[in-house]
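K.L.:
What follows is a structure written as structure tokens; I'll ask about it next.
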Number of protein chains: 2
Amino acid sequence: MTKKRKRRLKTLATNERQTTAMNNLTSIVGKIYDQLDAGSVPLMELPLRSKKNIEFDTQHNVWKYGDLRTNRTAKTVQGAQMMLRTVYTADFINEMIKENKSSTLREMYYISEGWEHAKFNTQDESNLLAEDLEIISRCMREDFKLRPEESGAHVYGNLDISTMTKKGMKKFNCIDDVAETGFAVPYNVEKENFEIVGSDAKFIMAIETGGMFARLIENGFPERYGAILVHLSGQPARSTRRLIKRLNEERNLPVTVFTDGDPWSFRIFASVAYGAIKTAHISEYLATPTAQFIGITASDILNYDLPTDKLSDKDVGALNAELSDPRFNDGFWDSEIKAMLEMKKKSEQQALAKYGLDFVTDNYLPEKLTDMGVL
Amino acid sequence: MTKKRKRRLKTLATNERQTTAMNNLTSIVGKIYDQLDAGSVPLMELPLRSKKNIEFDTQHNVWKYGDLRTNRTAKTVQGAQMMLRTVYTADFINEMIKENKSSTLREMYYISEGWEHAKFNTQDESNLLAEDLEIISRCMREDFKLRPEESGAHVYGNLDISTMTKKGMKKFNCIDDVAETGFAVPYNVEKENFEIVGSDAKFIMAIETGGMFARLIENGFPERYGAILVHLSGQPARSTRRLIKRLNEERNLPVTVFTDGDPWSFRIFASVAYGAIKTAHISEYLATPTAQFIGITASDILNYDLPTDKLSDKDVGALNAELSDPRFNDGFWDSEIKAMLEMKKKSEQQALAKYGLDFVTDNYLPEKLTDMGVL
């Protein structure tokens, strides 16, 4: 690598969030060093990351960790090994930030092959440590330059953004500068990598399936109603949820979620709106508690006489679990879940094609969005 | 819709392939009508679409249908229903082409809810009929404006293309005009929708995992070695295989395939190179028989001392099946498959990170590509 290129990379690398991440990780490792230096057995304090320490914060409507703490000490072999891994991982992340590299979580697991006693036995271990470091350092995995395997989300609508390319930040309009597939969302949508420049859109619509996302684009729905479409592609990635949250906060745009009508899709909605247990420590970054569910609801199945499939035993179990999930603890969800259990049927968003390819954009969505007060 | 917009859509819609598709489908329906008009029971001839009529064409190195034919007649209720469905489906496709609409295969299944006796019972039935119509009409599903649910493939490299957007055909460079995620490939990559404008690249590299695709982009591999990267995202979609084939033929670029080292990944290679049984009728559009496999091979696992996992019973079964699969009937595959069975181990492409994030682009790929005569 030439010196000039190296210098350019260095400039790119030192953004504020990453500097904070390096400082916070260095301080974590520093504390371990200081304890060893003072002749004491190193100790790290962490919130207890088990279900009993996760609470639904009814004020902010998101999942949060409670006050229970756990201590990790180097007294046991296992504890010492965890400490060693923490140091190696912090070092690896620092190196990546300095060299403007990133790594998948899977690569980090394999990288540890060279760490001898600090080697991870499974990728679950390395993924968990990355989350621990997020919690202790109060930074995000994206600031550590750790990325998931696949992202897959796409955006379509009259939205100007500026995103990092090989040639620096570049502006895109998410209608004019994209093919019919929309704009592919990068794994890091924090400000330094992804700027929301402007939009005249009136609302966001997050959509579960690629088929429906393509349908709405083809039918000209975003242009006609001022919608920004976000393809969730099943359970949404962190970057997808973060992007929705930023659009909601920075542009003050209401968020709507349009999924299949089954218990698993209700959970997709809940993870967009209220967060997930696994990411409870960063709910305030990812969750959009004001998000509204469009459908498919149990009522839709009846009102629109939609083609259905029978609920499986697993579906019924999931619906029953949702009845005691605090995220679904309101009148709307209580009655919808009970109605679905009673009719024993589920339906898909593409089932609306029963009435033709335009029904969803000419009838269903305008009707539902008007009822919800979005249009 | 305004008249002006309608006229524009009409112009967009009438491209040569689609006109051919409409004509051919109309002629199929016309034959059914003529037979009824002449007082005879309608009859349609199709190649037999079962395994015993699929042959490996050793001259062209792809799967092909043989000479066995089957007759579909309206003598039975089931046969008459199939004929009715054929007519309805042809009509639906004609309408879509005329109105410049497209539909997912799932939507077509739901659309048939309104077809009374011609209603499909399962999506398998409607998918199969779409393939039948491809065979009889000698057109492609994409010409019928039928699309799969998700596509997901992305391209990155110094390649200028022109693709259909809401505002007509638009030029993109697949490095300068894309974010780090690359260019998202549309479902239809036929000429009227997707033009290959130019490229100074030296070869194509199709990559199985998103993690490795991102690694090569981050490491500057495409720029340094003149590679166009195509993310396969598991078993590649038709549009992905078609794009690889077109790049190979029109730009005369050698194709290499870089996957995990396990029997399922070997099949991904085989579907890129030799086609799949399901799409035997369009192998000449989709398969690139000169494609070369880079790895991960069983030899790589030994030569590079890669981290491995044990073969499962299913893996062993799949490897044994490959030994009698004509697509793997050569010296290279025979010895690699037997070596993998003997060592009882598999490995992932990201396992190369054992030696650091740059090893794959500084060592592994240059070494292998030089051996293969690509570099």
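Each residue, glycine too, has its Cβ placed from N, Cα and C.
If you look up TrEMBL, you'll see A:83-145 marked as domain 'Spo11/DNA topoisomerase VI subunit A N-terminal'. Annotated active site, O-(5'-phospho-DNA)-tyrosine intermediate per TrEMBL: A:Tyr110, in sequence order. For A:149-195, the entry in TrEMBL reads domain 'Type II DNA topoisomerase VI subunit A all-beta'. If you look up TrEMBL, you'll see A:203-369 marked as domain 'Topoisomerase 6 subunit A/Spo11 TOPRIM'. The Mg(2+) binding site annotation in TrEMBL covers A:Glu208, A:Asp260.
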K.L.:
Out of A:Tyr110, A:Glu208, A:Asp260, which recorded positions come under 8 Å of chain B, measuring Cβ to Cβ?
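P.N.:
Going by the Cβ criterion (under 8 Å to chain B), the qualifying recorded positions are A:Tyr110.
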K.L.:
Work out how many Å separate A:Tyr110 (active site, O-(5'-phospho-DNA)-tyrosine intermediate) and A:Glu208 (Mg(2+) binding site) at their Cα atoms, rounded off.
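P.N.:
About 32 Å separates the two Cα atoms.
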K.L.:
Which site among A:Glu208, A:Asp260 has the most other CB atoms no more than 10 Å from its CB, taking these as binding-site residues?
P.N.:
A:Glu208
K.L.:
Using DSSP, what is the helix/strand/coil residue split across the domain 'Spo11/DNA topoisomerase VI subunit A N-terminal' (A:83-145)?
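P.N.:
DSSP classes over the domain 'Spo11/DNA topoisomerase VI subunit A N-terminal' (A:83-145) add up to 46 helix, 2 strand, 15 coil.
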K.L.:
Tell me, how many other CB atoms lie within 10 A of the CB of A:Tyr110 (active site, O-(5'-phospho-DNA)-tyrosine intermediate), whichever protein chain they belong to?
P.N.:
24
K.L.:
Residue counts in helix (H, G, I), strand (E, B) and coil for the domain 'Type II DNA topoisomerase VI subunit A all-beta' (A:149-195), per DSSP?
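P.N.:
Its residues divide into 0 helix, 20 strand, 27 coil.
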K.L.:
I'd like to know the mean pLDDT over the domain 'Type II DNA topoisomerase VI subunit A all-beta' (A:149-195).
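P.N.:
On average, pLDDT over the domain 'Type II DNA topoisomerase VI subunit A all-beta' (A:149-195) sits at 88.
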